[in-house]
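Contents: one structure, followed by commentary.
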Amino acid sequence: MRYLTAGESHGPQLTTIIEGLPSLLPLTAEQINHDLKRRQGGHGRGRRMQIETDTVEIVAGVRHGKTLGSPVALVVTNDDWKHWTKIMGAEPLAEDVDPDEIKRQISRPRPGHADLVGGMKYGHRDLRNVLERSSARETTVRVAAGSVAKALLKELGISIVAHVTEIAGIKADTSLLEGKTADEIRTIVEADACYCIDPVASAKMVEIIDETKKAGDSIGGVVEVIVEGLPAGIGSYVHYDRKLDGKLAAAMLSINAFKGVEFGIGFEAARLPGSQVHDEILWDEDNGYMRATNRLGGLEGGMSTGMPIVVRGVMKPIPTLYKPLQSVDIETKEPFKASVERSDSCAVPAASIVAEHVIAWEIAKVIVEQFHSDQLPQLQAQLDEMRRYTKEF
Ligand SMILES: Cc1cc2nc3c(=O)[nH]c(=O)nc-3n(C[C@H](O)[C@H](O)[C@H](O)COP(=O)(O)O)c2cc1C
Ligand SMILES: C=C(O[C@@H]1CC(C(=O)O)=C[C@@H](OP(=O)(O)O)[C@H]1O)C(=O)O
């Protein structure tokens, strides 16, 4: 299973083509739109999100609410495009048009963005040609593709949820997650301004986001994704590029502004003895194999253990700041301090939704590769058999 995305931030549309999905999977635009709306939300988003109402059109691969097995194509229209048709149009500029008037040329790279190095790499002196694609606007269709993956995981008895564990040093009390299923966690965090399980921490997060915005600065944080219902043995230890943890880490780090990843107790493992890190193995008649703890986040040897997968990603502060940072104009080579029109001040809650969907995609992809998967019922039968086999092993 694979997908490509195309589209510029202020171009006409964002597009994804998903190839390799099993046939007979129930799929509607409505379920994808729910996830797109969650990605647009979360406290700290800027004015662009008031312009956009992200909704998907399914233009291929689905008939009467079920996948056909052919490529699925999804399109999300940029509502902002109508303000950018001249600046972002694909046609060459007419001869009587002054390019400086039309192109909104950018020669001042923003620290922390792809602007400067992207310009060097692709030979663009108008840095708009870089930022239009390096923008996290692209995560819209990554969420759409991940939402399709989640529809598949749901049919296979696998649930996934993301939530925010930390913003600018304010940490959620994650003991509030204990005893709750992924679906129960989703109901709670969906109703929270920061997609956080802890209302007390969330109120402080809202406060610090507002204060930071007023000060013209930006902040980052940590998001966590939990995957439940995955059988043991997904992924493999036999070759480096088949390890599930490696794939999940790469997916997490592929999100704009994500700079680190950890599983289970994560970097804390460096500070603890092995007896307080590894998860002891238990067995009983009803449940088969279990772990007394889940400190390693449901992964051993590049494979799922059958315990929930717990993976976290850290997001750096948004690079576009109202409080200007030092940079150099690439035309004049003069130093300047950037001034900015609009930006998110904190996109950690929104990014948690992106994380949920890139992880969902990766897990669905590994499952589809590991089992015979032309059609959903065959895939479901094999997952059921894998669960029975690993329990009785
Ligand atoms: C959901 C989301 C929204 C973002 N919004 C903004 C934004 O409004 N302004 C900005 O400067 N960066 C924003 N970013 C971060 C930049 O896209 C990112 O830092 C930039 O592309 C450079 O990539 P890198 O940080 O991975 O090196 C956002 C990221 C995500 C995931
Ligand atoms: C458009 C989205 O986020 C954008 C991500 C982004 C960036 O530099 O990454 C910069 C901003 O775009 P603009 O310059 O148009 O205001 C954000 O709004 C989105 O998430 O859909």
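A Cβ is built for glycine as well, from the same backbone N, Cα and C atoms used for every other residue.
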FMN binding in TrEMBL involves R133, S134, S135, N256, A257, G301, K316, P317, I318, P319, T320; of R104, R108, R342, the partner in that site is R342
Span of R133, S134, S135, N256, A257, G301, K316, P317, I318, P319, T320, R342 as binders of FMN, largest Cα separation rounded to whole Å, comes out at 45
Rounding to whole Å, the Cα atoms of T320 (FMN binding site) and R39 (NADP(+) binding site) are apart by 19
Three-class DSSP assignment, R133 (FMN binding site), comes back as helix
Going by C-beta under 8 A and a gap of 6 or more residues, the same-chain neighbours of R133 (FMN binding site) are E8, S9
